[in-house]
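**Q** Please find one structure pasted underneath; my questions will follow.
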Amino acid sequence: MAGDSAASAPGRSGTRPERPVGRQGADPGRGRLFEGGLLQGGVQGSPVLRLFMRWVRRPLLPVMRLWRRNIQLRVVATTLLMSLGVVLLLGFVVIGQVRNGLLDAKVKASQSQATGGFAVAKQKADDEAASGGAGGATGSGDAAADADGRQSQSVIQWMSDLVESLSSGGAGAFDVVTLPVGDDSGGGRSPRGSGNVSPTDSVPGDLRERISDSTTAAQSYTRIVYKDGKESQPALVIGKQVNDPNGHPYELYYLFPLTQEEKSLSLVKGTLATAGLFVVVLLGAIAWLVVRQVVTPVRMAAGIAERLSAGRLQERMKVTGEDDIARLGEAFNKMAQNLQVKIQQLEDLSRMQRRFVSDVSHELRTPLTTVRMAADVIHEAREDFDPVTARSAELLADQLDRFESLLADLLEISRFDAGAAALEAEPIDLREVVRRVVGGAAPLAERKGSRVRIVGDQQPVVAEADARRVERVLRNLVVNAVEHGEGKDVVVKLAAAGGAVAVAVRDYGVGLKPGEATRVFSRFWRADPARARTTGGTGLGLSIALEDARLHGGWLQAWGEPGGGSQFRLTLPRTADEPLRGSPIPLEPKDSRRNRGLAAAGPARGGEEKRATVPVQPGGGQAPPLPAHAAIAPHLASVTPAVDPSALPGSGARVVPRPTGGTRHPGEPPAHGPGTDTYDARPDADGRKDPSEPGEAFRGR
Amino acid sequence: MKGRVLVVDDDTALAEMLGIVLRGEGFEPSFVADGDKALAAFRETKPDLVLLDLMLPGRDGIEVCRLIRAESGVPIVMLTAKSDTVDVVVGLESGADDYIVKPFKPKELVARIRARLRRSEEPAPEQLTIGDLVIDVAGHSVKRDGQSIALTPLEFDLLVALARKPWQVFTREVLLEQVWGYRHAADTRLVNVHVQRLRSKVEKDPERPEIVVTVRGVGYKAGPS
């Protein structure tokens, strides 16, 4: 058990998606250490115990699984156990009753027999004493010793005769035993028994004690042991202290064999056991049959439900009769029918939608192509036009670009909505993609005066992903970061850990206002709808990026703080069918204002946290200053000559000019560190720019 | 430079615009608007390149593409309004060498047409071997044990590109640039589909390729000679 929990611990600790995978590895380790320490302190040699437990458990596992999964087995087993209990209880009660009845009769008969016997023995002793006493009185004084010897001689004889005569009266129905009181075996009072009974072994010690203490009769149960090797028998023994003719006490016992009673009792027991066994087995069989009647339709329903959920919507249950099971079947079939109809409707709708999208696509695109070509021809020839016409030609060409990217983005979104987007995943190295994207964004970055740095590209970051989509997402993030980075550096960070890879794009621009971290992914969302847009972007870029991430089973999350920039993080599972449990990169960057505050408060962590602080100072050393221009650009130059990233579909960049004067919005909270926060499944972070630089671009994504 | 281009498109405005652009670039366009008449027009004009719209009245573009490919290796560039994988792959599998998604810029179109026509202008006497195949680059022929294998010009180019540097693993992007003449990253599905088509012709067992070997996660390379 302990082994199980240790093995599953890494998985469990990953349920909080925010936690970076890198730290996950340490947590279970700590847990194990703690657990191990506890165990070692408590139980010596606990590993051996654990091994033993595992060894015992292993062969039981299939049985346990069957037990858990099979309701029929459970019901039958429970029925068997419970009926066995009932039958055992009944058996004990009945057997007790029968035994008491049998023994009561026997004991009464025995007691009267024994009482008679004791009386006879007393009578005989008195008679003998009377006759012996008369003879003794006539003898002289020196003859006393002789008389004593003769007397003892005669007592021995007398005792033997007594035993003989007493036992003969019962005709084998009982045996008689005499024993001397205490250890005194002299004077002819050695143990005697009739019918080969071993006198000392057959009489229990505690009975002898009781008899020697009193003069009344006492009884007990015992086993008669025979001297000639005959099998011992259960018996009732009744004993009493009696005087011999000389007035010396001896113990006289009557032993009544209970053979007959025991035979009767074992017959009853046998009968009861047989009957009980039959009852239990029959009850088990009945339970099996009854449960089968219920379980079979349930199993059938389960099987059909599984097939239904696997998409075979025409599957139905067979309904017979009018009982509850039949009603279940009818209800089930009705449900399946409704499901089938609804799904059919939805499928039709979806097909129509897809068809519509496809048709619109074609119908719109063909004339647009003509317009596009015509505009380009006019644009090429604009030098021959008068200035107004030339400018119009330019505007026409520019806006056609925007129209095109808007149309492309719209179609892409509707493809996602229609569920028609297909993932073509294959193992790709995200470093390649990132370098391509950064290379493509280099001209824009140059114009904006910022540099794009790549961190964490020493090792391959390979994941099963659709290169086209991942590139689109990253291009969107990088172009957004550059557009809103206010000329400060943009850091693209790669990491892989556990079953996940992540790319985080960090900028140090205006950041995000409260609640914007979720809203940036909304369609056509902009920071302030009252303001006009001045630069390109369709407003669909991040929505498409989010859908792309979802299609991979990944996450796209945003974090931002007022004036401290933002970080967008794309997390993808390493293999396409693996669910994500965490991201290798924390959503809130280490150099966020809050984290820096924490680092300053706790100097123990300070050294590590300082690593990637505000990149405006290039002397940081840790991160090499921008390989993007130097190392990557040549590599890409052969493949990718300047594509204007702002013209790409889905760049999503929109900059809204801010009214000069830098006045705060009414009700705008002052910029503070504590205002920042990181959210998860649906990330939500806030950021509001400190309006210290008037006239600056206000951002929306 | 040779430049007869057959434009198969039912949209007259687009066809006319294409004509204007193509003439401006020094090509000789001819037009057909109906899928049923496309093959006849093709036989008649013997173009150096076909621009083919996928959605046509009568026979659709896929069918026309298949028919043309059945009797000629002339470069075919599809015009498509759909960029969905299925549509593109079906088009490529029916024999098109390249595709261009509407709406496109005239320059882009011209660049693609030139890239397709460029190949036929550079014959170099050269003999290459790849696996058990012998490639005569100038003679445009591929032979296995003296038996020649018919390849379209594009497939031939692809094979030659791989055979020229058998030690090199080609990423899909590099192949796109070298064979298709793309200057910026385009759709790598082009490469996948054409490698499959090539394999189906030159491999003994296309399931276990020996001539064009996949390097997982990277791209393709020529098999050992």
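Any Cβ shown, glycine's included, is placed from N, Cα and C.
Sharing the feature lines straight out of TrEMBL:
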DOMAIN    B:4-117  domain 'Response regulatory'
MOD_RES   B:ASP53  4-aspartylphosphate
DNA_BIND  B:125-224  DNA-binding region
DOMAIN    B:125-224  domain 'OmpR/PhoB-type'
**Q** So, in DSSP terms, is the residue listed as '4-aspartylphosphate' helix, strand, or coil?
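**A** The three-state answer is strand.
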**Q** Check each residue in the chain of B:ASP53 (4-aspartylphosphate) that is at least six apart in sequence and keep those whose C-beta is under 8 Å from its C-beta; list them in sequence order.
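**A** Correct list: B:VAL8, B:ASP9, B:ASP10, B:ASP11, B:GLY61, B:MET78, B:LEU79, B:THR80.
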**Q** Per DSSP, what is the residue tally for the DNA-binding region (B:125-224) in helix, strand and coil?
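**A** For that range the per-state counts are 35 helix, 25 strand, 40 coil.
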**Q** What does DSSP give as the helix, strand and coil breakdown of the domain 'Response regulatory' (B:4-117)?
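**A** Final tally across the stretch: 56 helix, 24 strand, 34 coil.
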